[in-house]
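If you check TrEMBL, you get these features:
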DOMAIN    73-454  domain 'Amino acid transporter transmembrane'
TRANSMEM  103-124  transmembrane segment
TRANSMEM  150-171  transmembrane segment
TRANSMEM  191-211  transmembrane segment
TRANSMEM  218-241  transmembrane segment
TRANSMEM  261-279  transmembrane segment
TRANSMEM  291-315  transmembrane segment
TRANSMEM  335-353  transmembrane segment
TRANSMEM  373-393  transmembrane segment
TRANSMEM  399-422  transmembrane segment
TRANSMEM  434-453  transmembrane segment
Amino acid sequence: MWNTIGKSLWLKSNCLSHQNQVASDSVHRGNLALEQLSCNACLEENKACKCDQSFESCKRVSAVDERHAEANNSFTHSVINMTGMLIGLGQLSTPYALETGGWSSAFLVIGLGVICAYCSHILGKCLDKNPKSRSYTDIGQQAFGTKGKLIAATLIYMEIFMALVSYTISLHDNLNTVFSGTQFKVSWAKLSKSQLLTLMAVLVALPSLWLRDLSSISFLSFGGLLMSLAIFTSVACTGIFGGVKANHTIPALRLHNIPAISGLYIFSYAGHIVFPNLYKAMKDPSKFTKVSIVSFTLVTILYAALAFMGAKLFGPQVNPQITLSMPPHLIVTKIALWATVLTPMTKYALEFAPIAIQLEHNLPHSMSSRTKLFIRGTVGSVLLLVILALALSVPYFEYVLSLTGSLVSIGICVIFPCAFYLKICWGQISRPLLLLNFTLIAFGLLLGVVGTISSSKLLIKNLKRAHSG
C-alpha cells in the first residue's frame, strides 16, 4: 500500500498509474501510502479491477511486481533512500532547538536517533513474522486488527496534513525574505505582501492536484534531498566565507524549554511509515538493521553538526528556520532560500496522492473516470486552500512543527512500533527486551504529552498576543 521510496520506483504496477517518488521530508512520508490501493482492494474484495484488467491478471501482476520489488535495492541504495527520507523539513529548526534547549539537548538528539533506529529495527522484525505485510498499516492490522490499521492510517493522514501546514508556513516565511525589497500590493485584497505571495505560489501549485499520473513530476521530489544538502553546505559556507564568526556561546541547559523542542527533534526522525516498504525493496532484508544503524548515524551526525554550526554562528538571534538567519546578500543564502521556497510547491501533489487514491477507491465503481477526477481535484483543491488558510492564520513554524512531532510523530516513530513488536512477537521476546520496549512506550507517551502541552500553550500564547496587538 505504501510504495516508491527515494529515487526508485519500486513497484511499477500495471494496475495503477500513480508512480511517485519521495527523497525526503516528513511531511513527505505520506505520499507513499496507497500506491497499490486500487489493485489491492480488487484482490481483497474480489471485485473487478478499475485498471481494466481481469482479477487474475491483476493478481499475477501484483505478485510479479512484489517479487521484483523485493530484489531491487542494494545495501548502499537502501542507505541512500532511508537517509534521504529522514533528512528534510526538520533540519531547518535544529540550530534553533539547540540554542533554545542548550547544548546538553544534543544528547536528546542522539538519544532519539538511537531509539528511532531501534524502532526501525523492530519494524523489520514484525515484517519477518508475516511476509505478507508490506506497509506500516499492514503491521498495525497484524498486531491489533482493523483498529490497529485504522489508528495507524489516522496518524499517517494527520502527519501529512500537519506537515503540509508547516511546509506552507515555511513557504510564506521564505518568500517574504526572498522578495523583501519588492513592493507588492493589490488594492482590493486585504492581505499583506507575504500572504499574497504565498497565495500566488499555492495557486501555481494547485493544478498539480488534478494530475492523475504523477510520474511526470515525481522526479521533482528528489529536489528535497538536494535542498537539504544545499542548506547544510550554505550554513557551512556562511561560517567559512560569509564573514559571520562562530563566536556565540551556547547555554548548557534550559530545562524548561526541553518539552517544547522535543517535538522538533522527534519530527526530524519521522520516516518510519515508509520503512516497511524500504525493507521489502531490499535484495537482502537481513541487512535492514545495518541499514537503519548507518542511516540514523549519518542523519544524527548531520543534525548535530548543523545545530552546533547554526547556534554558534547566530546565537540567540537564530531563527526557527536557519535559512532566515543567513546573510541575505550571499549567493549561498539565495540558493538555500529558493530551494526552501520551491520544495513545498513540488510536494503538494505527491503528498495528497494517498488521500486522493483512497478517495477514488471509495467512490462508486459505476462513476466515470472524468467525474472521479473532478471530485478528486476539487477535494484536493479545497484541502489545500484549508491548509493555506491555517498556515496564514497560524504562522508560527516552530510551534506547529513541534506540535506535529509531539502529537503525531512520536507515536509513529516510537510508541506504535514498540507496541506492534510486543503484540506480534510476545512469545519470542526476552524479559530485558520486554522491559526495554515498555520503557520506550512510557518514555514516548511522556515526551508526547509534555511536548504537546508545551507547544500548544506556546502556540495559543502567540496567537493571543498577535490578536491583542
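Numbers here mean position along the shown chain, with the first residue as 1.
Cβ from N, Cα, C; glycine included.
Just so you know, TrEMBL annotations are computer predictions that nobody has curated.
Residues 2-5, 10, 22, 26, 29-30, 32-33, 73, 78, 81-82, 85-86, 88-91, 93-94, 96-97, 100-101, 105, 108-109, 112-113, 116, 119-120, 123-124, 127, 133-136, 138-139, 152, 156, 159, 285, 288, 291-292, 296, 299, 303, 398, 401-407, 409-410, 412-414, 417, 447, 450-452, 455 of the same chain sit 6 or more residues outside the transmembrane segment (261-279) yet have a Cβ under 8 Å from a Cβ within it.
Beyond the transmembrane segment (373-393), the same-chain residues lying 6 or more positions past its ends with a Cβ under 8 Å from any Cβ of the stretch are 161, 164-165, 168-169, 171-172, 195, 198-199, 202, 205-206, 209-210, 212, 348, 352, 355-356, 359-360, 363.
Away from its own ends, the transmembrane segment (291-315) comes close to residues 75, 78-79, 82-83, 86-87, 90-91, 94-99, 103, 106, 109-110, 113-114, 116-117, 120-121, 124, 231-232, 235-236, 238-239, 244-250, 268-269, 275, 278, 282, 322, 325 of its chain (Cβ-Cβ under 8 Å, at least six residues beyond either end). Long-range contacts of the transmembrane segment (191-211) within its own chain (CB-CB distance under 8 A, at least 6 residues past either end) are made by residues 168, 171-173, 175-176, 179, 182-185, 217, 341, 344-346, 348-349, 352, 356, 373, 376-377, 380-381, 384-385, 388, 391-392. Listed as Cβ neighbours of the transmembrane segment (150-171) (distance under 8 Å, sequence separation of 6 or more from its ends, same chain) are residues 25-31, 33, 89, 92, 136-137, 139-141, 144, 198, 201-202, 270, 273, 321, 340-341, 343-345, 347-348, 351-352, 354-355, 383, 387-388, 390-391, 394-397, 400-401, 403-404, 407-409, 411-412, 416. Nonlocal intrachain contacts for the transmembrane segment (434-453), taken as residues 6+ away from its ends with a CB within less than 8 angstroms of a stretch CB, comprise 115, 118-119, 122, 259-260, 262-263, 266, 402-403, 405-407, 410-411, 414-415, 418-419, 421-422.
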